[in-house]
Amino acid sequence: MNQLIIGALLLLVLALPPVRHLLESIMIVHMHMQMPLLVVAGFLTAKYMQEKLPGFFKKWNRNGLPGILLFVIIMVYWTLPRTMDEALTVPAVEIFKYVSLPFLAGVPLRDSWKKLSVSGKNTVFTGFTMLFFGMGWLYIKSPEQLCNNYLLVEQLTLGWGFVTMAVCMVVYLVYKALVDPSEYE
Amino acid sequence: MFKDWHTLLACSVVLLFGFVLFYLGTDGFQAYTAETARVNQLITDQPEFPDVVLEDSNGRSYHVSELQGSYVFITFMYTSCGTVCPILEMNMAQVYRAVPERYIGEEIIFLSISFDPERDDPATLDKYKEHFGADGDTWRMARINNQEELEKLLSTFGVIVIPDDSGNFAHNSAFYFVDPQGMLIDVMDYTDVNNAAERVISTLQKEEGEDR
């Protein structure tokens, strides 16, 4: 119940116009802070939904695959340059962002993650690592401005942000592969 | 993996949803950036050039409707720009030179519109035009003094101009092609000079053929 309140509050705060404008005025904050926070908000509310609708999640997301697929689709969708631009200029797209990231990405992620096998988790991590390297390369190397609402220099910052995230994920994957936590317990 | 039909159905629904989402979000896998979407939309809509008052490098002021009757080849720029505008105007000069002389000034007028009316007064524009071989008549450089009119034009043609901290602007660039009735008929890639020149010349030739 506590998590539900925190999640709902977080979503509410993120939806306040001043907060929204502040976070969206900087490209990298828009993508690497506001969007993940929306996912987190959904993630927090997921527990309440799982308790309310245990049958639904058990029945339709038994092995976590449908949920993680939905999560991946929503995340990839929001890395497209166009969707980020249109979130700023088309109100319907902005509303969709505030609905899809918490409830179509955050909620299924929480329900699916525990159900996934180790290899399933690693596949998701590796996939996102490659996606982030790819997006980083795209935003850095693209000679043209991909988003009309942001300056080219912001695009470069975002590109390097993606690469940094990808490097962090590589570090994590290497750690997972090489270190056995049980040795230290 | 798909021992139970619930999972199979759920995965299918999710994948179908993803397909529809991406299909709608990219106009049928056509436009992955808002700029591509904007240009595609403009070419479909063919909006009318709003009536604005231009002040050109010779200090003449006139309604843009006075240019009707000719095709107009347009770019948007500002003279203090050090990055894309010189390239944009240089490429425009190549199109200008590629168009056969008999059309120039009669069938087609070239027009560079500044969105920085504060700094780009007629004298500045007059000096700037020399760099690109514009004569001020068949290729005019002009500013729009009325801020409201300027904004209307920019929004109609989907030109997005963002001022930055150091007095410069970030903006999207393209060649805009307006027909003799004042309708926008094409938005072309300003880096592909050959394609733009071909498009302009073939349109003019077709028009000439119809007049005979």
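From the backbone N, Cα and C atoms, a Cβ is placed for every residue, glycine too.
Predicted, not measured: the structure shown is a model, and the values here were computed from it.
Taken from TrEMBL, the feature transmembrane segment covers B:7-25, B:70-88. What TrEMBL records for B:43-206 is domain 'Thioredoxin'. Residues or ranges marked as Cu cation binding site in TrEMBL: B:Cys81, B:Cys85, B:His171. The disulfide bond annotation in TrEMBL covers B:Cys81-B:Cys85.
Proximity of B:Cys81 (Cu cation binding site) to non-local residues of its own chain (separation of 6 or more, Cβ distance below 8 Å) is seen for B:Asn168, B:Phe169, given in sequence order. Excluding B:Cys81, B:Cys85, B:His171 themselves, the residues of that chain whose CB lies within 8 A of the CB mean position for the Cu cation site are, in sequence, B:Phe76, B:Met77, B:Tyr78, B:Thr83, B:Val84, B:Leu88, B:Asn168, B:Phe169, B:Ser173. Per-residue pLDDT, averaged over the domain 'Thioredoxin' (B:43-206), rounds to 90.
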